[in-house]
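J.: This is the structure, below, for whatever I ask next.
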Amino acid sequence: MPNRCIKEGDNPDLTKERKTCTFDTDELTANLYGSRNNMERRREITKKISADPDFADPIPHDFLSREKCIEATAKKTKAVVQRGSEFCDVTNYYEMLHLINEAIGIGGYPLALHYGMFLPALEGQAEKELTDDIIPRAKNLEVIGAYAQTEMGHGTNLRELETTATYDKATQEFIINTPTRSAMKWWPGNLGKMSNYAVVTCQLFIDGRKIGPHNFLVQLRCEKTHEPLPGIIVGDIGPKMAFDTNDNGFLALDNIRVPRKNMLMKHAKVSPDGVYTPPMHAKLNYGTMVYVRAHMLYAHGQFLATAAIVATRYSAVRRQGRIEHGVPEVQILDYQTQQHRIFPQIARAYAIIFTYMDIKDQYDAMIKGIAEGQTDLLPDLHAITSGLKSVVTHMAGLGIEQCRMACGGHGYSDASGLPKLYGVQIGGCTYEGENMVMLQQTARYLMKAVASALQGKPLSHSVAYFGKKSSGKSRIGKEGGDIAREHEAMLEALEHAACRLSVEASQMWEKRGRGGETKERAWNGVTVEMNRAARVHTRVFMARSFHRRVTSSPPSIRPVLTDLLSLYLHYECVDMAHHLLEDGFCSGEQIRYLKSRLYEDLTTLRPNAVSLVDSFDQSDRELNSVLGRRDGNVYEALYQWARKSELNYTDVLPAVQKYVMPMMEENRSKL
Ligand SMILES: CCCCC/C=C/C(=O)SCCNC(=O)CCNC(=O)[C@H](O)C(C)(C)COP(=O)(O)OP(=O)(O)OC[C@H]1O[C@@H](n2cnc3c(N)ncnc32)[C@H](O)[C@@H]1OP(=O)(O)O
Ligand SMILES: Cc1cc2nc3c(=O)[nH]c(=O)nc-3n(C[C@H](O)[C@H](O)[C@H](O)COP(=O)(O)OP(=O)(O)OC[C@H]3O[C@@H](n4cnc5c(N)ncnc54)[C@H](O)[C@@H]3O)c2cc1C
């Protein structure tokens with residue numbers, strides 16, 4: 001069967017891998033990106049960008065200072081903006097996403113938060129009077145915006161943000177102020193140097209009464225000179241773990257006045273005479289975060305895919321050691337430990353992207369509902385996206401790090417692209433709500449589901465399985481080799497575990513309450529258990545999504561996806577074996593069975609491993625990895641990459657000349 005990546009001049013080991021493919025890689029790629037047309041469009045964008053001198057990087061960013069990287073990125077951003085329609089349909093979210101990845105990369109660019117949060121916040125939360133004015137200008141990039149919510153002292157607990165917006169009835173303006181050092185906005189992307197506007201989250205005060213966090217549009221810099229306006233202090237927060245080309249910023253506002261219409265008033269409103277009308281759902285003001293959490297899944301699935309591509313291809317071309325005496329050195333991909341390290345990451349990347357597709361459909365349905373005045377889909381979506389955001393970012397981070405280590409010494413080099421990828425990706429565990437905090441949002445929802453299930457009340461989408469009657473004993477290993485039934489048995493076992501953990505966490509919470517603790521204090525005494533239940537529930541959701549996508553996939557790719565799903569489910573069940581064993585739902589014998597099936601899966605997937613990662617269809621530009629390159633010609637490329645290091649511009653470094661040589665000379669003369 002065809003793997004469409006084979007080309008003359010490629011590393012022979014990689015070609016050999018591609019020849020053992022049992023499916024059509026293009027079919028799988030098309031399935032992953034929604035259609036053959038979408039796949040072709042991605043490729044056209046890649047081809048055009050790769051040939052365009054405006055996007056060439058004579059010196060890799062790895063060897064440049066942060067300022068030089070920002071300059072190079074800003075130059076490319078301008079080219080994307082001015083020439084974007086030469087490359088793609090600029091109104092298509094996925095085409096634009098691909099264009100930006102290809103043209104600019106993943107480390108941040110001047111418009112990341114403008115498109116990622118500033119515009120979505122205005123579109124989702126602002127009223128016509130404001131949007132009519134600002135959105136056309138923002139879309140036309142006459143202005144650039146950031147989303148300034150987090151402060152130096154508070155990020156997680158929005159209720160305690162300190163920035164104030166006080167309504168002045170006399171002038172019909174809000175006065176926006178930063179009352180303390182810890183109230184300074186701190187972290188917002190592109191706030192430091194690029195943006196001249198921001199959506200700023202402030203505590204709303206009317207007639208001395210604190211209403212709570214609301215969003216306001218604030219101009220920060222002069223549209224002509226880009227200098228900060230009077231009363232505004234703004235700058236870059238300094239070097240970070242990654243996102244070097246994003247100017248995450250600080251901001252202090254000294255009693256800045258903005259007109260009443262600058263409050264984002266689609267949901268909550270303040271009338272000219274200062275009467276406050278709450279939104280139809282209390283948390284509609286937090287809608288931008290739900291949007292970002294949902295869409296983060298796609299990016300993090302792709303991040304994990306990148307790492308899996310690099311580690312798999314490199315493991316196919318690297319030969320080291322022998323499995324048996326007297327035979328040539330083997331491809332390191334033949335080691336069972338290497339497969340066990342990498343293959344689950346391939347499966348998880350697919351699972352995350354497939355889950356995203358489900359969530360995207362739910363998100364679109366919720367937005368449609370809100371437009372029609374219905375908010376009933378919001379709580380379920382908020383709960384599951386909070387869990388998914390946390391589980392997926394953590395899972396992808398662990399997976400990338402496994403892939404990096406699986407590349408040995410070269411994985412530690414920036415040439416692999418993996419250290420930088422990890423730095424960028426792992427930020428997702430923190431931003432959009434720290435993971436431990438967001439899991440508690442999911443757990444809170446699970447506690448309500450437990451109560452509803454016990455009372456026989458209806459259960460919403462993500463927790464519907466709480467209503468199923470458990471069989472008491474798992475059917476794992478008792479399905480006589482029927483794969484479909486085996487998959488169902490594993491899903492059932494995971495659902496049983498999630499449900500049991502939720503019920504037990506609920507009982508522990510209740511027990512502490514009966515012991516005299518307040519509900520809130522009791523909650524803090526059981527949060528580890530709550531978050532555990534939330535994680536398992538989220539992993540059930542992902543497993544169901546993956547299963548649904550595989551069982552409805554075209555027959556040509558269903559066999560390979562079924563193999564991948566088998567590996568995913570066996571891995572998930574073994575990884576969560578303690579939860580399956582704890583109440584005797586599964587026996588030790590069943591866990592041993594799952595492990596043996598997992599090792600069989602590794603062998604089954606081996607001939608298709610390279611083709612499965614090829615099907616992610618990430619180009620060499622996107623991968624940005626010497627180790628992961630499509631042609632597999634790694635060693636020469638590694639040497640050429642290292643030659644570009646600024647330390648190699650001269651044979652004798654000035655620092656050596658100035659300090660090290662005189663030191664050696666002095667030491668010699670002492671003898
Ligand atoms: C390329 C890289 C880009 C990176 C960009 C990064 C951007 C950012 O990071 S922007 C800043 C993001 N900040 C956060 O995510 C802050 C996290 N904190 C929160 O979201 C909230 O403070 C909270 C959800 C953790 C708690 O909010 P609070 O108001 O205190 O609410 P409660 O916990 O008491 O819950 C009350 C009630 O409301 C429900 N709920 C909470 N949030 C939402 C929501 N977004 N949508 C719908 N419903 C929500 C919650 O479930 C409770 O429901 P009930 O149990 O029914 O009362
Ligand atoms: C790369 C990056 C980009 C960002 N971009 C933006 C942006 O564009 N706009 C913006 O506004 N912000 C942005 N942020 C800020 C980000 O949203 C916050 O840092 C994040 O929400 C976490 O909040 P915090 O920093 O207050 O963490 P903290 O809440 O201080 O977390 C510290 C520790 O306390 C624990 N903790 C806190 N509260 C609880 C609780 N209730 N229960 C249990 N444990 C708790 C956490 O789990 C964590 O272990 C960005 C951050 C990063 C890293």
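Each Cβ is built from the backbone N, Cα and C atoms, and glycine gets one as well.
Keep in mind the model is a prediction, meaning the values are calculated, not measured.
Per TrEMBL, the features are:
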DOMAIN    24-144  domain 'Acyl-coenzyme A oxidase N-terminal'
BINDING   Thr150, Gly189  FAD binding site
DOMAIN    286-447  domain 'Acyl-CoA oxidase C-alpha1'
ACT_SITE  Glu432  active site, proton acceptor
DOMAIN    487-665  domain 'Acyl-CoA oxidase C-terminal'
J.: Let's see if you can do this one: DSSP helix, strand and coil counts over the domain 'Acyl-coenzyme A oxidase N-terminal' (24-144), in that order.
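T.: Split by secondary structure, the domain 'Acyl-coenzyme A oxidase N-terminal' (24-144) comes out as 88 helix, 0 strand, 33 coil.
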J.: Taking the Cβ of Glu432 (active site, proton acceptor) as centre, how many other Cβ atoms lie within 10 Å?
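T.: I get 23 for this one.
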J.: How long is the line from the C-alpha of Thr150 (FAD binding site) to the C-alpha of Glu432 (active site, proton acceptor), rounded to the nearest angstrom?
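T.: It is 10 Å, counting Cα to Cα.
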J.: State the Cα to Cα distance, in Å, between the residue listed as 'active site, proton acceptor' and Gly189 (FAD binding site), rounded to an integer.
T.: 12
J.: Specify the count of other C-beta atoms within 10 Å of the C-beta of Thr150 (FAD binding site).
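T.: Taking all protein chains shown, Thr150 (FAD binding site) has 19 Cβ neighbours within 10 Å.
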J.: Could you please provide the mean pLDDT value for the domain 'Acyl-CoA oxidase C-terminal' (487-665)?
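T.: The predicted confidence over the domain 'Acyl-CoA oxidase C-terminal' (487-665), as a mean pLDDT, is 97.
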J.: Need the DSSP three-state call for Gly189 (FAD binding site) to compare against my parser.
T.: coil
J.: Where does the residue listed as 'active site, proton acceptor' sit in DSSP terms: helix, strand, or coil?
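T.: Assignment for the residue listed as 'active site, proton acceptor' reads coil.
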J.: For Gly189 (FAD binding site), what is the tally of other C-beta atoms lying within 10 angstroms of its C-beta?
T.: 26
